[in-house]
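Chemist: Summarising the annotation, TrEMBL assigns active site, proton acceptor to H438. Positions annotated as FAD binding site by TrEMBL: K52. The NAD(+) binding site annotation in TrEMBL covers G177, G178, G179, Y180, I181, A182, V183, E184, G264, D305. Sequence annotations record features per position, and here TrEMBL assigns disulfide bond to C43-C48. According to TrEMBL, the feature domain 'FAD/NAD(P)-binding' maps to 6-320. Taken from TrEMBL, the feature domain 'Pyridine nucleotide-disulphide oxidoreductase dimerisation' applies to 340-448.
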Amino acid sequence: MSSYDYDLFVIGGGSGGVRGARVAASLGKKVAIAEEYRYGGTCVIRGCVPKKLFVYASQFHEHFEDAAGFGWTVGESSFDWKKLVAAKDVEIARLEGLYKKGLAGANAEILETRAELVDAHTVRLLKSGQTVTAKTILIATGGRPNPHAALPGHELCISSNEAFHLEELPKSIVISGGGYIAVEFANIFHGLGVETTLIYRGAEILSRFDEDLRRGLHEAMAAKGIRILCHDTLQKVSKGEDGLILETLNNGTLQADVVMLALGRDPNTEGLGLEAAGVAVDERGAVIVDEYSRTNVENIYALGDVTNRVQLTPVAIHEAMCFIETEYKNNPTRPDYELIPTAVFSQPEIGTVGLSEEEAGKRYSELEVYRAQFRPLKATLSGRAERMIMKLIVDAASRKVVGAHILGHDAGEMAQLLGVTLKAGCTKDDFDRTMALHPTAAEELVTMYAPSYRIRDGKRI
Ligand SMILES: Cc1cc2nc3c(=O)[nH]c(=O)nc-3n(C[C@H](O)[C@H](O)[C@H](O)COP(=O)(O)OP(=O)(O)OC[C@H]3O[C@@H](n4cnc5c(N)ncnc54)[C@H](O)[C@@H]3O)c2cc1C
């Protein structure tokens, strides 16, 4: 009989924590999990899921416009922001219920409280003040939006958290940031009819993605009417007579109803008692872990966004499954970060897996780049001036496809499947051998027979 109250105590009921708690409990371990806000965490409550619902909502006006080219006459349409928020909230509550049901079904104890470490085996439950002990502790507290405290007037701005619950849809918004969250929300608000400006200090939005797609998306967003100001930052935000006044470094004064900061996310480690437990953090406050997600304290693990490795839901879940193998199945398992498919749910969408042309150029001495840019079939009748881009980056020596990048409709769906082929180590010859599925956009991926250009020693030839 263990001298601890629990075999496992999980702090944080998000993607990683819930998976770790549920699976450990289903293995017969005595498990408790504490969540200070809502079960489901960032992904379900104020991240991936509500965002994707908003993306769908924001696409309808283009669907209505496109319909005319196919013979439809669409009546007058209008949009009700409050209805969307309410419908989204119903779905989120349903998912939250499913998360709890899964935990309860596995016999994990569900605690609705903030939890903080007292020492390496003891946790304080803030709601009751009670302390409990556990043999193993899993920190899965995620992250929160960086508030950019150095910006005068930052307290007048919102983050993605508040964007999901705005009382009214603003007439205008300025979004500061160039990462996927900033870009996705710029498209969402623009699609819902909000005058949208994106301001980003870098040379081009979406650093780390393939440059071709970054440029292509920038152009497509600008053509739709989203104002994108690169090489610029907000200097000050203040209240004006009619909305907010923004001073920028290079574009003078702007005005907007709402300013949203999307400038990265900080790990949720403040006041968590890590010092008391002896758990080390890095300069950004992220919990330092080894390749098995173990902290410097033998019985304490950490995973997901709080460790600042790859901040994505499937990665947090994968890390949790590796933790289960390592801790409870006597099968030490390292998370695998190779070839993670990702999407940006912009309009048009980006779907990508593997190396960008720029990264691949640094790793391989010779590359073949297969690139197609074309007007999708649907756009012919709709009249929409949109172009899809598809790119395969191939290591000339091994013929392996080391990167696949798509800009256009359903790019995320395609990237998920391309992820399987790249993970399996498929070569360009395997792509060539695959029969095209006609008429689809994806058939381009298996019909690009000749390289568009080559890269040798990082240079295009
Ligand atoms: C706007 C937005 C869009 C996103 N879109 C995508 C996407 O499309 N695809 C994708 O893969 N990822 C997306 N992400 C990222 C994804 O949400 C995270 O990577 C994922 O949720 C991380 O899971 P986690 O378990 O590490 O942490 P979280 O899901 O953040 O869960 C941590 C939980 O811990 C709780 N907590 C914190 N401290 C304590 C404490 N002391 N005691 C008790 N509870 C505590 C928090 O309330 C939270 O519920 C998005 C994120 C945002 C913000």
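Each residue, glycine too, has its Cβ placed from N, Cα and C.
So where do these features actually land, and what's packed around them?
Modeler: On its own chain, H438 (active site, proton acceptor) has no residue at least 6 apart in sequence with a Cβ closer than 8 Å to its own Cβ.
Cβ-based neighbour count (10 Å, all protein chains) for K52 (FAD binding site) stands at 15.
Around I181 (NAD(+) binding site), the same-chain residues at least 6 positions away in sequence with a Cβ under 8 Å from its Cβ are S160, A262.
According to DSSP, C43 (disulfide bond) sits within a helical segment. If you draw a 10 Å sphere around the CB of C43 (disulfide bond), it holds 24 other CB atoms from the protein chains shown.
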Chemist: Considering the recorded positions C48, V183, which residue's Cβ sits among the greatest number of other Cβ atoms within 10 Å?
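Modeler: When each Cβ's neighbours within 10 Å are tallied, V183 tops the list.
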Chemist: Does any of C48, V183, G264 have a Cβ within less than 6 Å of an atom of ligand 1? These are the recorded positions; tell me which, or none.
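Modeler: Only C48 meet the Cβ criterion.
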Chemist: Cβ neighbours within 10 Å, counted over all protein chains: which one of the binding-site residues G177, G179, G264 has the most?
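Modeler: Highest number of other Cβ atoms within 10 Å: G177.
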Chemist: Rounded to the nearest angstrom, how far is the Cα of C43 (disulfide bond) from the Cα of G177 (NAD(+) binding site)?
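Modeler: Approximately 20 Å lies between the Cα of G177 (NAD(+) binding site) and that of C43 (disulfide bond).
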Chemist: For the domain 'Pyridine nucleotide-disulphide oxidoreductase dimerisation' (340-448), what does DSSP give as the number of helix, strand and coil residues?
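Modeler: Helix/strand/coil tally for the domain 'Pyridine nucleotide-disulphide oxidoreductase dimerisation' (340-448): 37 helix, 34 strand, 38 coil.
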